[in-house]
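Below: the structure, in structure tokens.
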Amino acid sequence: MTKYIFVTGGVVSSLGKGIAAASIAAILESRGLKVTMLKLDPYINVDPGTMSPFQHGEVFVTEDGAETDLDLGHYERFIHAKMKKSNNFTTGQVYESVITKERRGDYLGGTVQVIPHITDEIKLKMGEGAADADVAIVEIGGTVGDIESLPFLEAIRQMRSNHGRKNTLYVHLSYVPYIATAGEIKTKPTQHSVKELREIGIQPDILLCRMDRELPEDEKRKIALFCNVEENAVIGCYDSDSIYKVPGMLHAQGIDDIIAEQLQLDLPQADLSAWDRIIDAIEKPDHAIKIAMVGKYVDLTESYKSLTEALKHAGIHTRTKVDIIYVDSEEIERDGAESLRDMDAILVPGGFGKRGVEGKIKAVKFARENDIPYLGICLGMQIALIEYARDVAGMAGANSTEFDLDTNFPVVALIDEWVNHDGKIEKRDENSNMGGTMRLGGQQCDLVPGSLAARVYGSTEITERHRHRYEVNNYYIQRLEQAGLTISGRSAGHEKLVETIELTGHRWFFACQFHPEFTSTPRDGHPLFIAYVKAALAHQADKQAS
């Protein structure tokens, strides 16, 4: 039987429940358990796919094409399990499923209510997501006390009755503030947060105290007494300069031994040596580079979470401190791209909408003309192709139909047919719904032998994850290739969509339609980002030598 660990958060949001949950998972995995993770989101949206990055942050795409919470990215980076659609569900999905069953007559004329029907559906979906794992760690989104979270909290309360104490464990992450003017740590917010949980019927087994300083023993005893938790189960979760230090931090305080004892697990000792090597590379870099990330969501860097982590992973594997300089593309649109001259490399990430596009085009042109390593991802590839069409291939005014429906050269256009992750043909047009209608998930790509892409990946067949609605217009490919653009990768399906482009006369110029950042991990990195960081290092060395 799968054992469940439920992680809740209290006092304030954005405490790092996802990191804490993923760190616990990493420790348990290192002790030989098969671990999976679930995120339960209390918002009514079916998924975050149509939500603004400024509200929700990054949308993480799974291999099977689910648009999910960014915490699933943390899960994949901390443990070896690959997330699926069943690892993330929302209030919207739960209600949609229950209403569908009611319309179908599944409830035999009964009155459909939050309890038991909604809570039963939540438990059913948790069971599906947990599958055949030894342990499933379930993170409940939101903050204890929010009305939206109540059905989820009731469902996890019932799980102890359904599965027993030896198969369920509750972890509560709470904020313990330090009041500088008083010079005191305040435990009252945590006491009240636990009181809220206990009123619902949940008694935390472990308390994680989110703090900016170490938790004194007397305060630990106080929290244990008033929250009815064993003193050794009151664990500090402190600010850290790297999220990859958290597994070691929690393990040092014995969290995995507490879990093993309550869940009656006989486990080998934890082996966190891989995490020790990661931390060593982070703390002792041999090099340092500056990469300009030119985007439109730079005021909320969570929008590019997987991408920034992928660059850090590449830094780990090249022992390089990667300093990411976030550049607002609207500033470049207004002031020009000269500010990018001192950068060791330039990157244009994915995005949607017209705002800031011309600034990104200027950034690509600057990288191309000044032989600065360039990496374009998703929209960043489309932007590179538009710039090349305009400034090299002689297609004045070339654009994407996303930004200009009346352009004379629609070199990027709405994709209307493709083969999805399951091998089925998908069709879309301008009248299709916005939600869940993009080209999503892992897709096979064939690379040209001898190309930069093939050399980087060490293969001519790869699979990468996608999330886009627009594609390179194949009608203009021949003209672009005649002007010197290299199409080095295409989709494996009959539609042969453009997946990667290169400039062979450039130091290092590569752009891809897919999102390689979604499969990068601190343990293994990703070959594309590692190659990109190496190119930036080479460019830096040449600048210093000249």
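Yeah, the Cβs are placed from backbone N, Cα and C, and that goes for glycine too.
Summarising the annotation, Swiss-Prot assigns region 'Amidoligase domain' to 1-265.
For Ser13, Lys186, Thr187, Lys188, Pro189, Thr190, Gln191, Lys222, the entry in Swiss-Prot reads UTP binding site, with the evidence type sequence analysis. Sequence-distant neighbours of Thr190 (UTP binding site) (same chain, 6+ apart, CB under 8 A from its CB) are Gly10, Val11, Ser174, Tyr175, Val176, Leu207, Cys209, Ile223, Cys227.
In the three-state DSSP scheme, Lys186 (UTP binding site) is classed as coil. Taking the Cβ of Lys186 (UTP binding site) as reference, residues of its chain lying under 8 Å away and at least six apart in sequence are, in sequence order, Val176, Pro177, Tyr178, Ile179. Marked as CTP binding site by Swiss-Prot on the basis of sequence analysis: Ser13, Asp146, Ile147, Glu148, Lys186, Thr187, Lys188, Pro189, Thr190, Gln191, Lys222.
What Swiss-Prot records for Ser14, Leu15, Gly16, Lys17, Gly18, Ile19, Asp71 is ATP binding site, and it gives sequence analysis as the kind of evidence. For Gly16 (ATP binding site), the count of additional Cβ atoms within 10 Å of its Cβ stands at 20 [all protein chains shown]. Classification of Gly16 (ATP binding site) by DSSP places it in coil, neither helical nor stranded.
Taken from Swiss-Prot, the feature Mg(2+) binding site covers Asp71, Glu139. For Glu139 (Mg(2+) binding site), other Cβ atoms within 10 Å of its Cβ number 27. DSSP assigns Glu139 (Mg(2+) binding site) to a strand.
Marked as domain 'Glutamine amidotransferase type-1' by Swiss-Prot: 290-542.
Under the heading L-glutamine binding site, Swiss-Prot lists Gly351, Leu379, Gly380, Met381, Gln382, Glu402, Arg469, citing sequence analysis as support. Reduced to three states, the DSSP call for Gly380 (L-glutamine binding site) is helix. Within 10 Å of the C-beta atom of Gly380 (L-glutamine binding site) sit 26 other C-beta atoms, taking all shown protein chains into account.
Using a 10 Å radius centred on the Cβ of Cys378 (active site, nucleophile) and all shown protein chains, the other Cβ atoms total 22. Look at Swiss-Prot and you will find Cys378 tagged as active site, nucleophile.
Annotation comment: Swiss-Prot describes His515 (among others) as active site, evidence class sequence analysis. A coil conformation is recorded for His515 (active site) in the three-state DSSP classification, outside any helix or strand. The local packing around His515 (active site), expressed as other Cβ atoms within 10 Å of its Cβ over all shown chains, amounts to 21.
Summarising the annotation, Swiss-Prot assigns active site to Glu517 (among others) and lists sequence analysis as the type of evidence. Under 8 Å, Cβ to Cβ, and six or more positions away along its own chain, Glu517 (active site) finds Ser306, Leu307, Glu309, Ala310, Ile377, His526, Phe529.
When the binding-site residues Ile147, Lys188, Lys222 are ranked by how far their Cα is from the Cα of Gly18 (ATP binding site), Ile147 comes first. The binding residues for ATP are recorded as Ser14, Leu15, Gly16, Lys17, Gly18, Ile19, Asp71; their greatest pairwise CA distance is 12 Å.
Least crowded of the binding-site residues (Ser13, Thr187, Gln191), judged by neighbouring Cβ atoms within 10 Å of its own Cβ: Ser13. Note on the region 'Amidoligase domain' (1-265): mean pLDDT across this stretch is 94. Distance noted between the C-alpha atoms of Ile147 (CTP binding site) and His515 (active site) is 36 Å. A gap of 53 Å separates the Cα atoms of Gln382 (L-glutamine binding site) and Lys188 (UTP binding site).
When the Cα of Asp71 (ATP binding site) is compared against those of the binding-site residues Thr187, Lys222, Gly351, the shortest separation belongs to Gly351.
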